[in-house]
Amino acid sequence: MLIRSGFQVSDGHQEVSVLFVCMGNICRSPTAHGVFRQKVEEAGLQDRVFIDSAGTHAYHIGEPPDSRSQSTARQRGYELSDLRARKITASDFSHFDYFLVMDHDNLTNSLDICPPGDRNKVRLFLQYALDFEEQEVPDPYYGGAQGFSHVLDLVESASEGLLKEIRQRYSL
């Protein structure tokens, strides 16, 4: 499902769209998708905020998130099992208000295909983190459980900051 940026819902309020991006769309971006989705639901904004995730590479199209990502998220009450990996497309840039990448490589790969008019939407996700000074969400794929837990810590913090920014910016 894709929406247009700034889509008006039936009562006239603006819907905001967020795309989370990592390399393969099986660890970091689906974790961000699931965490942010739950925070949006807890805030009662599920009809106002559209969320999706994608990867810069087509390694895992159609696959569910990595089992370690799912397990770590589930331990903290987040569900990721319904998500499936996909690759970003050039049209994603016009469909999403926020195009949030996990690291500088994702940033470079995304900007390489981004139309010039949409470049301002592409940002590092951790710029919204409230409790961390790190700029990148590290890829936990080749590491152990501690890496997945750290990713979740970073994602939870950035999700809180992003939700705060969206609520203020769009008066939600």
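Every residue, even glycine, has its Cβ placed from backbone N, Cα and C.
Feature annotations, reproduced from TrEMBL:
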| type | residues | note |
| --- | --- | --- |
| DOMAIN | 16-165 | domain 'Phosphotyrosine protein phosphatase I' |
| ACT_SITE | Cys22 | active site, nucleophile |
| ACT_SITE | Arg28 | active site |
| ACT_SITE | Asp139 | active site, proton donor |
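Shown on the structure are the features that TrEMBL records.
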| residue | record | DSSP class |
| --- | --- | --- |
| Cys22 | active site, nucleophile | strand |
| Arg28 | active site | helix |
| Asp139 | active site, proton donor | coil |
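Helix, strand and coil residue tallies for the domain 'Phosphotyrosine protein phosphatase I' (16-165), in that order: 69 helix, 22 strand, 59 coil [DSSP]. Cys22 (active site, nucleophile): 29 other CB atoms within 10 A of its CB, across all protein chains. The candidate set comprises the active-site residues Arg28, Asp139. Of these, Arg28 has the most other Cβ atoms within 10 Å. Geometry remark: Arg28 (active site) versus Cys22 (active site, nucleophile), CA distance 6 Å. Confidence over the domain 'Phosphotyrosine protein phosphatase I' (16-165), given as mean pLDDT on the 0 to 100 scale, stands at 97.
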